Amino acid sequence: MGKVIGIDLGTTNSVVAVMEGDDPEVIENAEGSRTTPSVVAYKDDGERLVGAPAKRQAITNPENTVSSIKRFMGRFYDEVEDEIEEVPYEVVRGENDTARVQIGDRKYTPQEISAVVLQKLKQTAEDYLGQEVTDAVITVPAYFNDAQRKATQEAGEIAGLNVQRIINEPTAASLAYGLDDESDQVVAVYDLGGGTFDVSILELGDGVFEVNATYGDTHLGGDNFDKRLIDHIADEFEQDTGIDLRDDPMALQRLKEAAEEAKIELSSAKTTTINLPFITATDEGPQHLNMDLNRATFENLIEDLVEKTVPQMEKALDDAGHSKSDVDEVILVGGSTRVPLVQETVEDFFGKQANKSVNPDEVVSLGAAVQGGVLSGDVDDVLLLDVTPLNLGIETLGGVMTTLIEANTTIPTKESEVFSTAADNQTSVEVHVLQGDREMAKDNRTLGRFHLDGIPPAPRGTPQIEVTFDINADGILNVSAEDKDTGKEQSIRVEANSGLSDEEIEKMKEEAEQHAEEDERRKERADTINEANSMAYSVEQGLEEYGDKIPEDKRSTLQEALDALNEELETASADEDITALEDALEELNAAWSAAGEEIREAQQQQAQQGAAAGAGAGAAGAGAAAGAEGPAGGPTGGPASGNGAADSDEEDVQDADYEVVDEGDDE
């Protein structure tokens, strides 16, 4: 196995890291940033943007720019009604009642969108390592259910990655934090990202990272903070002007970006100003938004959201069997933990200062890289014992959920229980697999259903049906049912309710590869266009400076080649075939090379003539001084002509330097 990269696939930003020697390292992307916005945009001309370039154009293209897609991963349409209201793009009902994104006439699954981000991270790692990357560890929120985990695996597969392991974000953070610490300690990891919240209690010691308990909320994160700010600003503006900016997608996108910036600024400053000129227009003319916002107002807006995390911390401690005083370290993970109110709430709860030695944006990817190192054999003496976040069981008589594997059970694990029939002469049983913490089956999430047929007729309660739940290290479930009398067995690998068959995943994978190839071709074409522009400029400058040194026939050929290239440049596009431009560039290069030889010959002749004239002047004049001053009898500045020739030799070499203008490389 080669290098196994670690990926934090985040709601707002994503990060990729890899083990370098004994330490995990975050890899910078092509834009020079250590984090990549989890944003994908589709332009009218078919071009696809990802990361910072996609985020930059969101204001002018909000309906076709997808962000926060992680909130829709592995989710039914009816589960994400609140999230749908918060995004500018269209979310529709797809197959199997899943949520999908409508872009033009195409419905994209969240897995496909996430795969585009993963492709970007994969390419980032390959550029850094100088080799193909196929294996990865990807992190998910600890409270992700089975469907969300499977959807994340599918996204990796579509992106061309072999997902070696899915691990929980708080657990990954603890790996990065505690890799070099051999002391026994209890650690609380508080992870508040862009769209999800988790808190985990772990015991660390002697290379063993054991998760005792985890709780969370997959509907809570920095996006919710932004939404409160957006509504506050929009309400204030509507009160002043009577205009609701939330009805205008472009204005709403500007508002969203301003709210995000204000949130970040208020993490370090007491006040900030939101200034959005020309935010909208009325019959009276353009309207501008200018508003001062202080930290106290912001904290009042989000206080109840932050308080929602407190009961989760209490539950995690209780399930772990620890008290607050047992906790040795509190680690903050996720960009939203930079908000002072969040830090104060966590520190007040645990009664100690949080450990801020790790970068909250990067620590999860670093931990994923460590786990990748464990799997590849680059890291020794590390054992990760994670837990399943929710109860797992089946529906039994009366619509009750009977739990086989309880929440916060260490994985991998396997549990069996014997059930029987509910009616006389029942020859088939349905196994309805559930995940959740509610008592009744209807209140929990269905993971799958299957039937065990061929049970011999018998009075109810007589057949012995053994149901086995088996969870692997990724937290993904296999369920089997066996009739103990006949030995007949039926099993199911619980699949995500993504509506994706193996064939569909393979098709999406091929499309993703084609997109990657097209993106590379587009970049190559853009580079060629830039080179052609630079070449045309250099030749124009050369003709202006040295045109009199080029014979008429070659000067005419050069001018024709230059005109032909400029004509091609007028219509050249990185999105289309540019074979004609490449041919014109090659012809201009050849013509310029031939002209260059004529220029060099002319300059050499001039240099020789200058040197000869200078020598004649020295013989005819009255000494060296006379030669220098150039009196009657010798041309002025003979030696200077010689120096001029030397200068001309240097100037003859025209450096065709050009700046690569690639929107994808601009931060």
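Cβ coordinates come from backbone N, Cα and C, glycine included.
The feature compositional bias 'Basic and acidic residues' is assigned by Swiss-Prot to 506-525. Taken from Swiss-Prot, the feature compositional bias 'Low complexity' applies to 595-612. Annotated compositional bias 'Gly residues' per Swiss-Prot: 630-641, in sequence order. Under the heading compositional bias 'Acidic residues', Swiss-Prot lists 647-667. Positions annotated as phosphothreonine by Swiss-Prot: Thr196. The region 'Disordered' annotation in Swiss-Prot covers 495-525, 595-667.
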Tally of DSSP helical, extended and coil residues in the compositional bias 'Basic and acidic residues' (506-525): 20 helix, 0 strand, 0 coil
Secondary structure composition of the compositional bias 'Low complexity' (595-612) [DSSP: H/G/I, E/B, coil]: 18 helix, 0 strand, 0 coil
Count of other CB atoms lying within 10 Å of the CB belonging to Thr196 (phosphothreonine): 28
DSSP-derived class (H/G/I helix, E/B strand, else coil) of the residue listed as 'phosphothreonine': coil
